[in-house]
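For reference, TrEMBL has these:
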ACT_SITE  28  active site
DOMAIN    85-163  domain 'GHMP kinase N-terminal'
BINDING   113, 114, 115, 116, 117, 118, 119, 120, 121, 122, 123  ATP binding site
ACT_SITE  155  active site
DOMAIN    224-296  domain 'GHMP kinase C-terminal'
Ligand code: C5P
C-alpha cells in the first residue's frame, strides 16, 4: 500500500504561471493639465494631476509558443495587432528586460475609446506589463514596472499606479496625491471620432507662436486643496486643461458638448487630456445619471457614461 503523501511534500502547480492571468486597467482623466515648453526631444514639459476612473479595459494572458494578440470591443478592427501595438511593445520590452522568451497569447477587451484623451492605448500597455509579469513570474516591483512603462509612453507609469497622482517631466514621473479617501462622480461624453494627440499639442504650439495662447505657470496647489476639501463644487472650479483650447480649435462642436449639461447644472465640464472626450463633475451618482440622460438626448455625443474615481491602476483580478 502506498503511504499518503504529506501535503507539504506535494509539489503544487504554480497556477499564476499556467494562466490565464486577467488584468483590469482603468482609463485616466486629467484634473489639472498645464503644458510647458516644447522640449528638444519633441515632448512638452507637463504639470498634471492624473485621476483613474472606473472605465476599464481587460487583458487576458495565456501561455503560448509565440507572442500573439487578439482584440474585441471598442475600436477593434481599427488598431494594428502587430509590433506597433503598445500591448505587443510592452510584452516584448518586459521579456527583453527579464531575459525571457516573449511567449504569450494576449486577448484585449476594449471599453476605453481609441484616441479619446483617456489614455486607452497607454492603459493597455500598463495591463500588458502587469499581466506578463504575473504570467512569466518575473516578480518585478511596481517601481521597476513603472520604469519600463515610461519607455512605452508618457501616461503608462500612471496607469500602473492608478489613484490620483501628480505627473511631471513629460508626464512619466508620477507620485501619489495624498488626499482623504473620497469617491468623485464623473460623466464621460464620447465623441464619434478620435483626435490625434500630436495634432492637439501641435495646435497648442501654433497658438502660442501666434500669441493666441499663453504658457502659464503650472502648480496644481488650488486643485490639491480642493481634493482635500471633498466638495465637488470647489473641485469643479479648479479643473484646468491647457489642451482644451487647441482641442476645441480642431473640433469646434466640443464647445456645444461642454455646454449641453448646463440644464442639470453639471458642476464642471472640461475636455479630457487631448480630447475629444468631455468630462463633467457630478454632485453624486443620481446627478451623474441625470447628466448622462441630458447628454444622450442632446445628440451631441456618441454616448455618455457615469464613472467614479479614484480607482487603482492595472491589477490582476
Ligand atoms: O508619450 P506618448 O507616446 O503617449 O505621447 C504621444 C505624443 O503626444 C507625443 O509623440 C507628442 O507629440 C505628444 N506629447 C507631448 N508632450 C508630452 C506628452 C505627449 O508633446 N508631455
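Glycine too: its Cβ is placed from the backbone N, Cα and C atoms.
Unlike curated entries, TrEMBL annotations are predicted automatically.
Overlay of TrEMBL feature records on the structure.
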{"residue": "28", "record": "active site", "CB count, 10 Å": "31"}
{"residue": "113", "record": "ATP binding site", "CB count, 10 Å": "22"}
{"residue": "115", "record": "ATP binding site", "CB count, 10 Å": "21"}
{"residue": "117", "record": "ATP binding site", "CB count, 10 Å": "30"}
{"residue": "119", "record": "ATP binding site", "CB count, 10 Å": "30"}
{"residue": "121", "record": "ATP binding site", "CB count, 10 Å": "25"}
{"residue": "123", "record": "ATP binding site", "CB count, 10 Å": "32"}
{"residue": "155", "record": "active site", "CB count, 10 Å": "28"}
To the nearest whole angstrom, what is the C-alpha distance linking residue 28 (active site) and residue 117 (ATP binding site)?
8
Cβ within 8 angstroms of the Cβ centroid of 113, 114, 115, 116, 117, 118, 119, 120, 121, 122, 123: which residues besides those meet this for the ATP site?
27, 112, 194
Considering only the binding-site residues 115, 117, 119, 121, which residue has the minimal Cα-Cα separation from residue 155 (active site)?
119
In three-state terms from DSSP, label residue 28 (active site) for me.
strand
